[in-house]
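Engineer: Sharing a structure below in structure tokens format, with a few things to ask.
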Amino acid sequence: MFHVEEESSGGDGSEIDEEFGGDDSTTSLSRWVFDEKDDYEVNEDYDDDGYDEHNHPEMDSDEEDDNVEQRLIRTSPAVDSFDVDALEIPGTQKNEIEDTGIGKKLILALQTLGVVFGDIGTSPLYTFTVMFRRSPINDKEDIIGALSLVIYTLILIPLVKYVHFVLWANDDGEGGTFALYSLICRHANVSLIPNQLPSDARISGFGLKVPSPELERSLIIKERLEASMALKKLLLILVLAGTAMVIADAVVTPAMSVMSAIGGLKVGVGVIEQDQVVVISVSFLVILFSVQKYGTSKLGLVLGPALLLWFFCLAGIGIYNLVKYDSSVFKAFNPAYIYFFFKRNSVNAWYALGGCVLCATGSEAMFADLSYFSVHSIQLTFILLVLPCLLLGYLGQAAYLSENFSAAGDAFFSSVPSSLFWPVFLISNVAALIASRAMTTATFTCIKQSIALGCFPRLKIIHTSKKFIGQIYIPVLNWSLLVVCLIVVCSTSNIFAIGNAYGIAELGIMMTTTILVTLIMLLIWQTNIIVVSMFAIVSLIVELVFFSSVCSSVADGSWIILVFATIMFLIMFVWNYGSKLKYETEVQKKLPMDLLRELGSNLGTIRAPGIGLLYNELAKGVPAIFGHFLTTLPAIHSMVIFVCIKYVPVPSVPQTERFLFRRVCPRSYHLFRCVARYGYKDVRKESHQAFEQILIESLEKFIRKEAQERALESDGDHNDTDSEDDTTLSRVLIAPNGSVYSLGVPLLAEHMNSSNKRPMERRKASIDFGAGPSSALDVEQSLEKELSFIHKAKESGVVYLLGHGDIRATKDSWFLKKLVINYLYAFLRKNSRRGITNLSVPHTHLMQVGMTYMV
């Protein structure tokens, strides 16, 4: 049996939205008053699939122009009637991580070392080795020049770019490529899947600084991004390419770190051959990926102290070598030695850049692993501990090499004092294992974000910590990375080819991050154009120069990682393309409301007692699969709720803002639409019983709020009937979000488009004063009757109606489209995880129907 997938979806129709932040007192003091206005134009996003319970005579356009309308407005902020959970505690949200004391902060700092800085912390193991393999040492000045390159690479990339700029471009504490993309999507409608709702902008997570109307530059960028499909596609391709490089980085990081650490055996033992190093490295890698499932919180406290000891070793060995050999290497802080290095070595110096960039590997991990820790903790740890220890380590190696040119083949282990070799060797191997985990955990986070935003097939995600929801483990991805990592290690067998692949992956991520952060600085931060230009120009020039160097050695074996990254990119692109086509087709095929009205409240079939939860991917309209249920099944439930699991581009949606409800058709139909909104960081761990309970309670609150609004309308009609002696005068209700409703229609009823009017036209409705409820008592009786109906339906049982929608390319489609849709996308859908499995619904509660769309 198959299960419906919790596709991130939605529509572009209008919803009655909520402004959070008011307290209960302001809500209770809200009142409705009439405000006369000669003309009012309905928002063009008004829902087109709603139903007006009363028949209103259509007016000619000339008559409309002559009418004087009154609008009913609320004098203080109100909450969204659809977002019923928010009625409990409007605008409140409980923080996931509470303020901690000194002891817990120290523990968090240790975990920061173990998770974030392992990658960049082990770079001294191989940086000089790879650099001097490409550019052999001719004299001491070459060592000083290479050291100067390393120093200023550490200053420009990890310190200036990432610590002072990129870390602040986080999405409410989330880092990584897709966090940047999500942040941009919130401030400009650039997503290719048109699943946005106006109500999404009312989520608390959207309450970030937006482009100011006074700054024309930000608005121009926003408008151009939203208007250009080419720019949207280019932005998505950039994000997917960057994500593919992140996954590739998770392959080469373990290979490089472990092989360079195990390679120290050749210095300590001497009789160890490279083939034996490869075998031992493979064993270590298998162990590494096997313990990944224990998570960050369980291993962080163990790995943190180990990495702290490693940084102290780097600093101590560096100081020892500076004192014993040559302290004059401090003159490498003079950037002029970079110029002298290139002047003496020309092309070889350019080749050496491919090794130099390895000193900055792990910079992206600082940002990608941000979801685990705070910006300040990462900044302070890097500036006060990591960077000084790294600089001392590189200075010490340079001091040793200045008197031992021949040791450049394994600069780090050769510089370790013989009495400390084996303890340092042991610590370095532990540090290498930690470094390998840093990018793997970052990859897990990035993939989870991409899954939620519809850019990667769904995979099983295991949360390894009950306290920190960002700490996850993805089994399929973990073992896939292990397989590819072993292929890379066994096929290349040396750190030089792996180091080149490492540089390609890291620089690909860095350039993607530079472009996205530059866009954020222009669009969201509204940074001074001079600062933006300096950041973008300096970062891109440095990274492009490094990239040109590593690309010159692709044929040495690093092409393997490019092939792997290309495969990952194609998987994400195909999934996003297929999901987009599927969603657009379902929007086009949705059932017209006229058809449901013609069928009547029984929907042309038998209404059996019970509640049917029809999972679909549309947040607006009735999905075509519902018509398939009506024609396939002998009966349909007495109450049907169209449930859409929708992921929005925010890290987390508060529980108080989770559900949106809307009535479909008149009350006698007992049809509702529910949108359950989740952020890409949210965890869906509730059982199907808990989900049902929350959903039904929220529905009851929605119905009560709807009844209150109808009672208020009824009071308003009776109060003003005497003053209106001509029914040609039209009143419309202006809800707090600007939506327009007839006073004769319940506030939450959906307004039906006239078939002979375009969506952009002005829509007005007259009122039949005798059609509405006669008194508040009638409203109360109607409310109790409907609530009783819900309780009886709930007692009869809840069944999950799952429609398996699939797409196939038409026969006249071009060949490439058939290949992508009929084979690649179909294969990915077949092997991806179904969203309904998170609810653990028993098969006895499932009813499924398949449907294929031709695209």
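Placed from the backbone N, Cα and C atoms, the Cβ positions cover glycine too.
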Engineer: Under the annotation given by Swiss-Prot, are N831 and F178 positioned on the same side of the membrane?
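Structural biologist: Result: yes, F178 and N831 share a side in Swiss-Prot.
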Engineer: Could you tell me which of the ranges 106-126, 442-462, 610-630, 799-819 is annotated in Swiss-Prot as transmembrane segment?
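Structural biologist: Comparing 106-126, 442-462, 610-630, 799-819 with Swiss-Prot, transmembrane segment matches 106-126.
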Engineer: So which of S30, S419, S766, S775 shows up as phosphoserine in Swiss-Prot?
Structural biologist: S766
Engineer: Which residue does Swiss-Prot record as N-linked glycosylation site, given the choices N404, N478?
Structural biologist: N404
Engineer: Would the transmembrane segment (299-319) count as touching the transmembrane segment (380-400), i.e. at least 3 C-beta pairs under 8 angstroms with sequence separation of 6+?
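Structural biologist: When sequence-distant Cβ pairs are counted, the transmembrane segment (299-319) touches the transmembrane segment (380-400), since at least 3 lie under 8 Å.
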Engineer: According to DSSP, which of helix, strand or coil covers N404 (N-linked glycosylation site)?
Structural biologist: coil
Engineer: Six or more residues beyond either end and a Cβ under 8 Å away: which residues meet both conditions relative to the topological domain 'Extracellular' (127-142)?
Structural biologist: 149-150, 260, 337, 340-341, 344-345, 348-349, 351-352, 354-356, 358-359, 394, 397-398, 401-402, 405, 408-412, 495-496, 499
Engineer: With pairs fewer than 6 apart in sequence excluded, do the transmembrane segment (299-319) and the transmembrane segment (504-524) have three or more C-beta pairs that lie under 8 Å?
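Structural biologist: Contact absent: fewer than 3 Cβ pairs fall under 8 Å.
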Engineer: Within the same chain, where does the topological domain 'Extracellular' (401-415) have neighbours whose Cβ lies under 8 angstroms from its own Cβ atoms, ignoring anything closer than 6 residues to its ends? I mean 6 or more beyond.
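Structural biologist: For the topological domain 'Extracellular' (401-415), the nonlocal Cβ contacts are 124-126, 128-129, 132-133, 136-137, 140, 143, 263-264, 266-268, 317, 321, 325-326, 328-329, 421, 424-425, 428.
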Engineer: With contact taken as 3 or more Cβ pairs under 8 angstroms (pairs 6 or more apart in sequence), are the transmembrane segment (143-163) and the transmembrane segment (554-574) in contact?
Structural biologist: no
Engineer: Any chance the transmembrane segment (416-436) and the transmembrane segment (529-549) are in contact, meaning at least three CB pairs closer than 8 A with a sequence separation of 6+?
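Structural biologist: Contact between the transmembrane segment (416-436) and the transmembrane segment (529-549): absent.
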